[in-house]
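Undergrad: Take a look at what TrEMBL says about it:
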- A:Cys19, A:Cys108, A:Cys149: [4Fe-4S] cluster 1 binding site (BINDING)
- A:His186, A:Cys189, A:Cys210, A:Cys217: [4Fe-4S] cluster 2 binding site (BINDING)
- A:Cys226, A:Cys244, A:Cys247: [3Fe-4S] cluster binding site (BINDING)
- A:19-162: domain 'NADH:ubiquinone oxidoreductase-like 20kDa subunit' (DOMAIN)
- A:181-256: domain 'Cytochrome-c3 hydrogenase C-terminal' (DOMAIN)
Amino acid sequence: MKNNERNKPKIVWLQAITCNGNTHSFLSANVNRLKLFLNSFDLIYHPSLTTDILLDDLLKKDEEIDFLLVEGAISSNKEFFQLSNQTTNEILKKLVLKSKYLIAVGSCASYGGVHKKFEQNNNILGLQEALFEHDTSTLKHPIVNLTGCPVHPEWIFQTLFSLKEYKQIALDEKGRPKEIYSYLAHHGCTRNEYFEWKVEANSFGLKEGCLFYEQGCRGPMTHSNCNKILWNDVNSKTRAGMPCIGCTEFDFPRNNMLETKKNIGIPDEVPLGVSKRAYLSIAGVAKTFKIDRLNEKIIK
Amino acid sequence: MKTVDIVERIEGEAKLVCQWNKEKISDVKIQFLNFRGFEFILKDKPALDALVYTPRICGICGQAHLKATVEALENIYKNHNEELILTKKAKLLREIGLNIEIIDSHIKWFYMFIMPDIVKFSQNNLAEYTPLKGKKWLEASMIASETIKSLALIGGQWPHTSYMIPGGVMSDPTLLDLISMQNYMDQAIIFFENSLVGIKLDNYLDFKKSEDLYKVKGDLKDFITISFENEFEKIGKSYNRHLVLGDSLSFEKGKINRKLTKNISYENIEELTLNSFDIDKSKISKEAYTWSKTALYSNNFYETGPLSRAIVQNRDFVNDIHRKYKDSMFTRILARMDELGFLLFKTKELIKQIDINEDSFIKPKVSLSDFKYGFGQSAVEACRGSLYHDIEIENGIISKYDVITPTVWNLGPGIEDKLSTSQKAIIGTDSLAKAKLILRSFDVCSVCTTH
Ligand code: SF4
Ligand code: SF4
């Protein structure tokens, strides 16, 4: 082994009950960031990327793992889900014991996500729920939840590089890094001006208008920085015209994600931290400003 | 002798259970032991939410599921004789999105899932293909992530966007967006020319005969050389029956069972569970060994995927290679990489056809919840082959959702005395390493198989 390899923190990426979406999100990372990552860490195991060892070998090895990244939900039901003849729950517990940091990659690993909706298996859990206190006693840090369906690759890089350098990262009450999840998806959306002046998008397929009033946009209630650190370097859902569906939140996926639930024409839920009454009076005032520019096509 | 082997690096995990006789595989079972229950998850959900759920069936072919869902929902309108107008622009933006995803997948598949195993059969040291470290592996992952940006421009992000909706698409790209998309395609074309085939795309697309294989340079040449050195053109043959269910500007539907028929009817599709587990334990047979179901067309097993598409569509080069080497492992892998070139060219053409003055979306006059009962079907060509969705709704709520993924066609269990496509391809092989490669040549996704 080369000398510099020895000092690189070791990463193991486990895929539990997942669609592999986080892996493909990760592989779609910014080219230079991915290179720097591969130079700075030693990804010793990933079920779809590495070839040297199999999961079974990894479980038998004594080797210490610095960062255990888990993609997907956990279950102790072997009939529905097994890897190398074991449940994801058994594998997780064995690997955690060898690891210093445990990171949930994606909403499924964090809280169960889409897969938790499979009610016939009533044993689908996020990492925190799946592990007891004694299972995690050897960890040097509380579990980090990188929510998102999928998670943005940059969130993974920032978390890993921070932990490598500073050994810890501040988490919110849901276990998510504060510096990523204190923002709302709404921050930086190119439709913000429409939101302020209550100009709704009259339909899908438009550059103009805010998607909050009709299309169900959860931007003002969703903790993520999708409009600050853009997706694939170039865009975000709301910039493109798709409402935010709140995939970084505990309650994802919700029902009727592509429409706004309303009560007598008023959105049922209002932006985080604003009282409904205050919101309604501001909205009323804003609507009285008929700003021509915002009611026209951006490009005429 | 019996061997049981776990296969990783196939987008999930499969178990390969082989029976051996005189050092050849005499019987094989491919077990997928994971089940995520998407058809159950979708039940009782509002119809439009399927647009958010189904892309999450698979992190790599999510756009195919999205397109299948949106078209199945639109089919519900059609079955009610309710007019739904879709502009050409909307149709193009959907198909371009799907094509870009296929392009991305083909690049990753060759460099991440195929070549690391193929080079093990070479006498030469081809460390450039080593995962995560080798120059070629890195270059491929870089170009894949650049390419997918062109989809993010219209979808907002990849993976898992839901930018298609009954009536059109949610985005409204500008001319500059379209140019950027062209640019990303051009970058991928340069990669195809400089790294993969070592000649100009135009010249490559002019290939007509199998002898043209010798003109290929670049990384694909490494594959061709190793294949002929190890007789990969002789293994992995199956029924040589091919099925393409999806019809689009890029692909034509049809089937080949000795001769080519363009007439495809969903009525002939059948899904069986004779050897599959069932959530209802009383229905499980003793023979059940996998979560994958069995898909048949007109009571027969068919292969689906890029090879099937190329020959149903009569694309000369692959056609001639196929005539010579049949549905071998070599032909199957080559066809997928040929499709990469074909799609790069085709997708650029499609981008050019967009008229930005057209509407992206025309709101349907009625909502899905206005229908007391509705049913719809759709089929699209995903990276791995034909994907079929079948939906029923009651008052806007999903009462049944059935998905048949490409891998179910190729890798589902055989029934009674009929071997499935991949079983037939593997039986007769003389080594486990080759059997695994044959399995991989179908582009295995256990995630999809056991949705
Ligand atoms: S969080 Fe989303 S992307 Fe991730 S595994 Fe779950 S469904 Fe897939
Ligand atoms: S579209 Fe969504 S994220 Fe954008 S401004 Fe409106 S509410 Fe905010």
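If you go along the chain as it appears here, the first residue is 1 and each next one adds 1.
Note that Cβ sites are derived from N, Cα and C of the backbone, with glycine treated the same way.
These numbers come from a predicted model, not from an experiment.
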Undergrad: For A:Cys247 ([3Fe-4S] cluster binding site), which of the listed binding-site residues (A:Cys19, A:His186, A:Cys189, A:Cys210) have their CA atom within 10 A of its CA?
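TA: Within 10 Å Cα-Cα: none.
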Undergrad: Just to be sure I understand the contacts, which binding-site residues have a Cβ under 6 angstroms from any atom of ligand 1? Candidates are A:Cys108, A:Cys149, A:Cys189, A:Cys217.
TA: A:Cys108, A:Cys149
Undergrad: Determine the binding-site residues, out of A:Cys19, A:His186, A:Cys210, lying near ligand 2 in the sense that the CB is under 6 Å from one of its atoms, and give them in sequence order.
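TA: Listed by sequence, the hits are A:His186, A:Cys210.
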Undergrad: CB neighbours of A:His186 ([4Fe-4S] cluster 2 binding site) within 10 A?
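TA: Excluding its own Cβ, A:His186 ([4Fe-4S] cluster 2 binding site) sees 24 Cβ atoms within 10 Å.
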Undergrad: With an 8 Å cut-off on Cβ distance to the A:Cys226, A:Cys244, A:Cys247 Cβ center, who else from the chain surrounds the [3Fe-4S] cluster site?
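TA: Filtered neighbour residues, in order: A:Gly148, A:Ala185, A:Arg218, A:Gly219, A:Thr222, A:Ser224, A:Ser236, A:Lys237, A:Thr238, A:Ile245, A:Gly246, A:Thr248.
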Undergrad: Of A:Cys19, A:Cys108, A:Cys149, A:His186, A:Cys189, A:Cys217, which binding-site residues come within 10 Å of A:Cys226 ([3Fe-4S] cluster binding site), going by C-alpha to C-alpha distance?
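TA: Within 10 Å Cα-Cα: A:His186, A:Cys189.
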Undergrad: Select from A:Cys19, A:Cys149, A:His186, A:Cys189, A:Cys210, A:Cys244 the binding-site residues whose C-beta atom falls under 8 Å of at least one C-beta in chain B, and return them in sequence order or as 'none'.
TA: A:Cys19, A:Cys149
Undergrad: With every protein chain in view, how many other Cβ atoms are within 10 Å of the Cβ of A:Cys149 ([4Fe-4S] cluster 1 binding site)?
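TA: That number is 27.
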Undergrad: Of A:Cys19, A:Cys189, A:Cys226, A:Cys247, which of the binding-site residues has the most Cβ neighbours inside 10 Å?
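TA: The residue with the most neighbouring Cβ atoms within 10 Å is A:Cys19.
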Undergrad: Within 10 angstroms of the C-beta of A:Cys210 ([4Fe-4S] cluster 2 binding site), what count of other C-beta atoms is obtained when all protein chains are considered?
TA: 26
Undergrad: Could you tell me the mean pLDDT the prediction assigns to the domain 'NADH:ubiquinone oxidoreductase-like 20kDa subunit' (A:19-162)?
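TA: The answer is 96, the mean pLDDT of the model over that range.
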Undergrad: What residue among the binding-site residues A:Cys108, A:Cys217, A:Cys244 has the most other CB atoms lying within 10 A of its CB?
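TA: By the 10 Å Cβ neighbour count, A:Cys108 comes out on top.
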Undergrad: I need the neighbours of the [4Fe-4S] cluster 2 site defined by A:His186, A:Cys189, A:Cys210, A:Cys217. Which other residues of that chain put their C-beta within 8 angstroms of the C-beta centroid, in sequence order?
TA: A:Ala185, A:Arg191, A:Asn192, A:Phe195, A:Leu211, A:Phe212, A:Gly219, A:Pro220, A:Thr238, A:Pro243, A:Cys244
Undergrad: If I take the alpha carbons of A:Cys210 ([4Fe-4S] cluster 2 binding site) and A:Cys149 ([4Fe-4S] cluster 1 binding site), what is the distance between them in whole Å?
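TA: A:Cys210 ([4Fe-4S] cluster 2 binding site) to A:Cys149 ([4Fe-4S] cluster 1 binding site), Cα-Cα distance: 22 Å.
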Undergrad: Please report how many Å separate the Cα atom of A:His186 ([4Fe-4S] cluster 2 binding site) from that of A:Cys149 ([4Fe-4S] cluster 1 binding site), as a whole number.
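TA: Roughly 17 Å, rounded to the nearest whole number.
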Undergrad: Between the binding-site residues A:Cys189, A:Cys217, A:Cys244, which lies closest to A:Cys149 ([4Fe-4S] cluster 1 binding site), Cα to Cα?
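TA: Nearest by Cα distance to A:Cys149 ([4Fe-4S] cluster 1 binding site): A:Cys244.
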